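**Q** Please see the structure below; I have some questions.
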Amino acid sequence: MTDTIFALSSGRPPAAIAVVRVSGPNARAAGEALAGTLPPPRIAGLRRLRDVEGGTLDQALTLFFPGTATATGEDLLELHLHGGRAVVAAVEAALASQVGLRRAEPGEFTRRALINGRLDLAQAEGLADLLEAETDMQRRAALAMAEGGMSRTIIDWLDRLSMAAARVEAELDFGDEDEVTQATGLDLPPLLAPVILEMAAMLTRPPVERLRDGVMVVLAGPRNAGKSSLFNALLGRPAAIVTDIAGTTRDVLEAGVIRAGLPYRLVDTAGLTNQTADPIEAIGITRAKAQLDVADLILWLGEPDAAPANALKIGARGDELEHDRVSVDHVTSVHDQASIDALWAIISQRSQQLIGDLASGALHARHRSLLSEALSALQAVDGHDLLLDAEHLRIANRALAAILGRDATEAMLDALFGRFCLGK
Amino acid sequence: MKQFDVVVVGGGHAGTEAAAAAARRGASVALVSQSLAQIGTMSCNPSIGGLGKGHLVREVDALDGLMARAADDAAIHHRMLNRSKGLAVQGPRVQADRRRYRASIQHQLARYANLTLIEGEAFALHLTNGSVASVALADGSTIGTTAVVLATGTFLGGKIFRGLDRAAGGRIDERPANRLGEQLRALRLPMGRLKTGTPPRLDGRTVDWGALEPQPSDNDEWRMSPMTRTPRLPQLACAITRTSAATHDIIRNGLTTSPLFGGDIEGGGPRYCPSIEDKVHRFGDRDGHQIFLEPEGLDDPWIYPNGISTSLSAEVQDALVRSVAGLERAQIVQYGYAVEYDYIDPRALDHRLALAAIHGLFCAGQLNGTTGYEEAAAQGVIAGCNAAALAHDLAPTTVDRARGYIGVMIDDLVLQGVSEPYRMLTARAEYRLALRADNAEARLSGWADTLGVLTPARQAHLRQRHAMRDAARDGIQDGVDADILREIEEDRRYAPYLERQSEEIARMRRDGDVAISSDTLSLRSVPGLSTEMIERLERASPKTLDEASRVRGVTPAAVAALWLHSRKRT
C-alpha cells in the first residue's frame, strides 16, 4: 500500500496563505477527518478544520482532486490555510497523527507524478527548474521545458532520422536485389543537413545551469587597481575589504545579485602580479587565473593592452586617474553612481547576448551532452560508407531517445529529485 | 511403443537441423517425415544464403549445423552480395544443386547414430497433464517422448492456389498435415494464416542463353563453412533478364484469375519477396523487373526464374514467361503457385522456441511465421538444442541479440510477432558491426562447445582455428587461413565502434535482469501505461525490461513507466 504524503507546498511562513497538499490513497479520508465533509471534486469550499478533540485549527479553503487525473496521479487534497507558523504546524501535526500519513520526502510529489505517468522525464526536469526559478528568465526557460516543447522537437527529429535510416537500410539490405532501391539515389548529407542545423541551433541555447547559478562576471587586473571597490559598488554593499594596501584581496570572493530579472555571480579576485613572496597571495593569484578561464564576462581593470580576449576594459578610479578613453570601454568611479549604473547597463547588455532568447527554453547538462552526442554522430555521416553511416544514425537515434527517458538511470533520477525542496 | 528423448516432426531445413542438434546434444531422436526421400528438399529457390541469411548460415555452421556444408557440397554458383559495402553487411550466397543438396543433408543425418528417421504422417500429439507424452502416426503407431519439435513448414492446413485451381497441400503434389493443424487449433493456440509463393520452373534447354547477360560465379574461393576443404564443383553462370511492358499488360489482364487479388487468400504475404503480380500492381510505373535465371543443378535442365513468383493461371504464366527477352520459346516444366498455411503466433513461444502453453512442445521454422531456408534452419538448431536440454535436464540454449543473428531473429519473433513472413535483414541487428558473417565461428563456436553442441570433428577444427586466430592477432600470417587473416583485420577496423557498443550491450544485459510481469493485472497496476501499451505488452509478454523496450510500438515513456514501477515494487 502506498503511503499518503503531505507537505507545506507554498513558501515558508509567515505569509498571507499557506498551501498544504496531501497526496495518496488516504487523502480523502484525511480531508474528511479534518473538515468533516469535503466540497465536490475540483471545487473550492470554505471549511472549518478541527483536530481529533474537536478544537478548531483554522478556517481553510479546501479542495479535493480525485486521482488519477491530478498532478501526482493520486487523490490530492489541498488546504489553503492562513499562513501563520502556528497554524501550519498545528495542521501538519493533525495530519501526521493520522494512520498511513507521513511527511513527504523532498521531491516526492514530483517523483509520484513521474512514477504515475503524469510527467515524462524531460518535463520533470523542467519542473525542477521551474520550482527553483528565482528570476523571470529562469521561469520562462523552465516553463518551456515543463510544457514539453523540447520533447515535441525531439520526437520530430526522431521521425525524420528514422526516414533517413530506413533509406540507408533499404540500400544495405536490398541494394543487391534491384527492386527496392533502383530509384532512390540516396545522398545522405544533404538529407540530414536541416536536422543538423536545428540541433546545432538548440545547442546554442544557454545552459540552464548558467541561468540557475547566474552569469559569472569576474573582476580581474593588477593589484590595487580598484577591483574590490568596484565589486562593492556593483553589489551596492561592502562585501569585500578595501584598503590602499596592494594585495589586500588574496582569495576569490563571490557574491550573487539579481539585476533586471537576470542572476549574476560577481567574482572578485586577487590582483595579478608576478612578484609576490607571500605564498597565500600566490595561491590567490592561481585561483584568480582559474576564474578567468570559466568567466562569462571579465571586467579588466589593468592595462588595456594586457586585457584577456573579450574582456570589458574598465578605467577604474576615474575620479583619481586619467584614462585613455579610446582604449578602455568604460570609465567608472565608485563615487559616481551614474558610472556604476552605466556599467551595469553594459554588463546586462552583454549578458543578454550571452543568454540569448530564453523563451524557447534552456538546455540541461544531461540534454546537452546527449544532444551533442547525437549531433556529432550525424556530422560523421559522410555518405561514403553506408554501413558506418547507418551506425552513426543509430547512435544519434539512441541519444535522442534517451533525452525522452529511455535511458533513465538510477543516478540520474536521484540527481534530479535531490534538487527538489520539500513538498513540491 | 518406441521411446525417444526428442521427436522432430518435419524433414525440411528446420526439422533436419533440430534433429541433428538434439542428437549432437546427446538425445535419442526420431525424425518423422511424410517422405524420407524428400528430407532436405529445397521447396522454392535453389539458393542458400544472401543478405542477413548468409549470416544465419554461418551461425548455424558455427553451432555445427548441416546447412553450410550441404550448401558447399552442392554449390554451383557463388556470389558475395554487397561486395562493395562493408564486410558486416556482405552476404554470402550460393546456388545449390537441388539433388546434391538433398543428398548431402541425408548423408550428414545418416552419420548420427542416435538419430532415427521414421516415414509417416504425424497425426496427433498426446498430452499427459499438459505435457507432451507421445506422437501418434497415421499408421496407428505411437512414439513416446519427452519433447516434440514441430517443424511442419507450410504443411499445417496447407492450401495451394493457382489461378482458379485449388488443392490441399504443403508443397506441390504433397499432402498437407491437416489433422495436426486441427489439433493445434483445438488446443486454442494462437494461430493465423500466411502465404508464400513460388515461380514457374523452366526447361533450360528452351532458354535463349545467348541473348542474355550472364552473371558468372565469383572467382575468389570462399565457402560457406570453414570445415569444407573439398574443391568447388564446376560453376555455372546465372543469367539476367527483365520483364517488359508487354509482360505487365499480360499480368494486369490476368488478374481476374488471381487468387491474390480475388480475395481468396486471406494470409499476408512477404513484402520482401512479392509475387510478380504484386510488383506490377504496386510499382506499376516501373518499366521492368529483374529476373535472375538460376540453374537448379549440374545435370538438371530445370531453371528457377527468380523474381516472378506467381499464382496466376497456367495460361497466363505461359504468356507472361514468353513475353520476356530470352524466354520467347521457353517451356514451363512446373507452374508457379501460392501456398497458404497455418502459422503459430510466435509470441506464444519463449526464447527457447518452446510453447509456453504446452510443456515439452517446441516449434521451429516457417510454422513460426518466418520465410526462408536459413531462418528455418537457425530456429531448428535452437529448438533442437532446447528439446534435448529438456529431455536431459541441461542448460537452455538461448542467444541474445548481441551474440548473433539467430538471437535477433528469435527475439524479434517471440516479442514482436509477425504480420507477414519474417525474413532476416541486417537492418534488424542493432549490433550489426559486431555480427559479421565472417566472424560467426569466432562469435559462437566456443560458446556452443560449452553447451556440448559440437561434434569431436568440429571441436578439433575449432582448436586449430582458434590457434590461427591467436597467431593472426600476433601478426603471424604463415599457416593461417586466409579468411581468418581477413577476419582479424576487420575486427581491428571496427574496434572503435565495437568499444562504444559494448556499453550498450552491458546495458541491455543489465535491463535483462530487471524482471517485469506482463499479465494484464500487473500491467494495469503500472501507472502511466495506456490501454494500447498494455495490449501490446500483454501480447508479447516480455519478461524483462530489456525485452519490453523492444516490443513493437512500445514508447520510451512506457518503458520508463515500467522501469519506475519495477523500482517502486522493490
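From the backbone N, Cα and C atoms, a Cβ is placed for every residue, glycine too.
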**Q** Among A:ASN224, A:ASN274, which residue does TrEMBL annotate as binding K(+) together with A:THR243, A:ILE245, A:THR248?
**A** A:ASN224
**Q** Could you give me three numbers for the domain 'G' (A:217-303), the DSSP helix, strand and coil residue counts?
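**A** DSSP classes over the domain 'G' (A:217-303) add up to 25 helix, 24 strand, 38 coil.
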**Q** Starting from the K(+) site formed by A:ASN224, A:THR243, A:ILE245, A:THR248, give every other residue of that chain whose CB sits within 8 Å of the mean position of their CB atoms, in sequence order.
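**A** Once A:ASN224, A:THR243, A:ILE245, A:THR248 are set aside, the remaining close residues are A:ARG223, A:VAL242, A:ASP244, A:ALA246, A:GLY247, A:THR249.
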**Q** Would you list the binding-site residues among A:ARG21, A:ARG118, A:ASN224, A:LYS227, A:THR249, A:ALA270 that come within less than 8 Å, Cβ to Cβ, of chain B, in the order they occur in the sequence, writing 'none' if nothing qualifies?
**A** A:ARG118
**Q** Cα-Cα, whole number of Å: A:ALA270 (GTP binding site) versus A:THR248 (K(+) binding site)?
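**A** Counting only the Cα atoms, the answer is 8 Å.
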**Q** Within 10 Å of its Cβ, which one of these binding-site residues (A:ASN224, A:THR243) has the largest number of other Cβ atoms?
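**A** Highest number of other Cβ atoms within 10 Å: A:ASN224.
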**Q** Between A:ILE245, A:ALA270, which of the binding-site residues has its C-beta surrounded by the fewest other C-beta atoms within 10 Å?
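**A** Comparing Cβ neighbours within 10 Å for the binding-site residues A:ILE245, A:ALA270, A:ILE245 has the fewest.
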**Q** Between the binding-site residues A:SER228, A:THR248, A:THR249, where is the Cβ count within 10 Å the lowest?
**A** A:THR248
**Q** Where does A:ARG118 ((6S)-5-formyl-5,6,7,8-tetrahydrofolate binding site) sit in DSSP terms: helix, strand, or coil?
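**A** Once the DSSP labels are grouped into three classes, A:ARG118 ((6S)-5-formyl-5,6,7,8-tetrahydrofolate binding site) ends up as coil.
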**Q** In whole Å, how far does the CA atom of A:ALA246 (GTP binding site) lie from that of A:ARG21 ((6S)-5-formyl-5,6,7,8-tetrahydrofolate binding site)?
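**A** Distance between the two Cα atoms comes out at 56 Å.
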**Q** Between the binding-site residues A:ARG21, A:ARG118, A:SER228, which lies closest to A:ILE245 (K(+) binding site), Cα to Cα?
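**A** Closest candidate to A:ILE245 (K(+) binding site), judged by Cα separation, is A:SER228.
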